[in-house]
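Here the structure comes first, spelled out in structure tokens, and everything after it is commentary.
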Amino acid sequence: MTTNYIFVTGGVVSSLGKGIAAASLAAILEARGLNVTIMKLDPYINVDPGTMSPTQHGEVFVTEDGAETDLDLGHYERFIRTKMSRRNNFTTGRIYSDVLRKERRGDYLGATIQVIPHITNAIKERIIEGGEGHDVVLVEIGGTVGDIESLPFLEAIRQMAVQVGREHTLFMHLTLVPYLAAAGEVKTKPTQHSVKELLSIGIQPDVLICRSDRTVPANERAKIALFCNVPEKAVISLKDIDSIYKIPALLKSQGLDDYICKRFSLNCPEANLSEWEQVVYEEANPGGEVTIGMVGKYVALPDAYKSVIEALKHGGLKNRLTVNIKLIDSQDVETRGVEVLKDLDAILIPGGFGYRGVEGKIMSANYARENNIPYLGICLGMQVALMEFARNVAGMEGANSTEFVPDCKYPVVALITEWRDENGDVEVRDEASDLGGTMRVGGQQCHLTEGSLVRQMYGEQTIIERHRHRYEVNNMLLKQIEAAGLRVAGLSADRKLVEIVELPDHPWFVACQFHPEFTSTPRDGHPLFAGFVKAAGAYQKRQVK
């Protein structure tokens, strides 16, 4: 089987939406029966985004196999059925790290290590490895054409077009076509200059995606085609739109998928976008709306919670409800009190690291529990719910996590290596143990408790969800907490780690150690988010009565 490559680049300005455009095109090609995957090549020097600030980079998306990746991989999984893996995302830092490790081992036999050919060869090897077994591979190059950081990647894909053959490679370039109100027209010159920049590197784009706040007129598209040496039918207008889930249909209506299939000589049926039409219909025809408060520490940049925000919207689709998300800084709860939580139909506390704002999250969990407001805690959101319950219900005054107070009297949350077994002996788990070291990352099996609310929502006994955390519930204090009324609703494969807790005497109070947002999609939703939004709607109705 021959693999075909579509290389996606961006020009003029950043944040044009390369990831969404690539994912939307992939969705159309998948709907034509093709086996499609998407890769993201990031030009920054960090080895991966795992230790980058969420307020700079946005969220870290975790794949099934435990890779900490760019948030664009979340878009990819929400648009296509293919599961992403560590092969779908790599950075300049990762490439240089691998090449330097080989050099230290002597793999290059004393050769002088250079960007060309050693770095570019490593990039090409990664692309080919990531695309194995697929009909079409879309490869998104991060950054903007003209950035010095992107040059090795652009040179690598130029070489791939020569080596793989132009009949199996296609360059798709996103560019800005701004509208000038004073002139009353769109301007094509930035696009021409962006293409000129690409040509200077040796890349002739085959498809131009013209981003604008309005439809680019046919005469302007013809002008772009002529000056940029691109067929007129390959100049696609992609205007700003109120829903990203309308983009597959918008691209298909302009024949982009037909053009690509003909270019690659792929004989496949017409795309059936009925699933996406259903998503758009559900989004456009809600039966009501709910307001959900998300209490976090990175609210200045909503992209830090991108998958959570999207998953809440998916939960709304499944319940035909518009979800209005109110982002609340947990430090505001600390300084202004629970007044900032008024008029919410539900409260969600997402994951996070560090002590700043934790007490505000604990106050929020307390407010939700005492006022019967639907609550969903994710990762740290589960840990703060546990701390709150231990303090105020189980009689464990000052209960905390050793992440924040290492010597606290009641460490209800602790590092794996800090646990003691029932005999009082320290239980040590290192990298060779079945459940890894102090960081659990990636898909893990979870067994749901019979008769629990989550067992009812999932409709399955065993599930697999993705984790990214260092701290866990301390089993030594668990019995006292359970005796006070908290139910353990999910356990790890070896039955040693608490994965889900819930309150049986609360209308809807669920907290999980894993990140369910990473597996939610617009077409299928996710049981926890669908149930959470449904509970928010029910709470709203009770308040009206």
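Cβ atoms here come from the backbone N, Cα and C positions, even for glycine.
Feature annotation from Swiss-Prot assigns active site, nucleophile to Cys379. Summarising the annotation, Swiss-Prot assigns active site to His515, Glu517 and lists sequence analysis as the type of evidence. The UTP binding site annotation in Swiss-Prot covers Ser14, Lys187, Thr188, Lys189, Pro190, Thr191, Gln192, Lys223, and the record cites sequence analysis as its basis. What Swiss-Prot records for Ser14, Asp147, Ile148, Glu149, Lys187, Thr188, Lys189, Pro190, Thr191, Gln192, Lys223 is CTP binding site, and it gives sequence analysis as the kind of evidence. Per Swiss-Prot, ATP binding site is recorded for Ser15, Leu16, Gly17, Lys18, Gly19, Ile20, Asp72, Lys239, Asp240, Ile241, and the stated evidence type is sequence analysis. The feature Mg(2+) binding site is assigned by Swiss-Prot to Asp72, Glu140, with sequence analysis given as support. Sequence annotations record features per position, and here Swiss-Prot assigns L-glutamine binding site to Gly352, Leu380, Gly381, Met382, Gln383, Glu403, Arg470 based on sequence analysis. The feature domain 'Glutamine amidotransferase type-1' is assigned by Swiss-Prot to 291-542, with sequence analysis given as support. For 1-266, the entry in Swiss-Prot reads region 'Amidoligase domain'.
Overlay of Swiss-Prot feature records on the structure.
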| residue | record | contacts (Cβ under 8 Å, 6+ apart) |
| --- | --- | --- |
| Glu140 | Mg(2+) binding site | Val8, Lys18, Gly19, Ala22, Ile38, Met39, Lys40, Leu41, Asp72 |
| Lys187 | UTP binding site | Val177, Pro178, Tyr179, Leu180 |
| Thr191 | UTP binding site | Gly11, Val12, Thr175, Leu176, Val177, Leu208, Cys210, Ile224, Cys228 |
| Asp240 | ATP binding site | Ser212, Asp213, Arg214 |
| Gly352 | L-glutamine binding site | Gly296, Lys297, Tyr298, Cys379, Leu380 |
| Gln383 | L-glutamine binding site | Gly377, Ser401, Val413, Tyr471, Val473, Gln513 |
| His515 | active site | Val62, Ser307, Gly351, Ile378, Cys379, Glu465, Arg466, His467, Arg468 |
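Taking the binding-site residues Ser14, Gln192 in turn, the residue surrounded by the fewest other Cβ atoms inside 10 Å of its Cβ turns out to be Ser14. When Cβ atoms from all protein chains are considered, those within 10 Å of Asp72 (ATP binding site) total 24, not counting its own. When each of the binding-site residues Lys189, Lys223, Arg470 is scored by how many other Cβ atoms sit within 10 Å of its Cβ, Lys189 comes out lowest.
Ranking the recorded positions Glu403, Glu517 by the number of CB atoms within 10 A of their own CB puts Glu517 at the top. Averaged over the domain 'Glutamine amidotransferase type-1' (291-542), the predicted model reaches a pLDDT of 90. Across the binding-site residues listed here (Gly17, Gly19, Pro190, Gly381), the residue whose Cβ sits among the most other Cβ atoms within 10 Å is Gly381. Annotation for Met382 (L-glutamine binding site): spatial neighbours Ile500, Val501, Ala511, Cys512, Gln513, criterion Cβ-Cβ under 8 Å with sequence separation of six or more. For Gly381 (L-glutamine binding site), the nearest of the recorded positions by C-alpha distance turns out to be Glu517; the candidates were Ile148, Thr188, Pro190, Glu517.
The Cβ of Ser15 has fewer other Cβ atoms within 10 Å than any other of the binding-site residues Ser15, Thr188. If you count neighbouring Cβ atoms within 10 Å for each of the recorded positions Ile148, Cys379, Leu380, the highest count belongs to Leu380. A distance of 50 Å separates the Cα atom of Pro190 (UTP binding site) from that of Glu403 (L-glutamine binding site). The distance from the Cα of Thr188 (UTP binding site) to the Cα of Arg470 (L-glutamine binding site) comes to 50 Å.
The two recorded residues, Gln192 (UTP binding site) and Ser15 (ATP binding site), have Cα atoms 19 Å apart.
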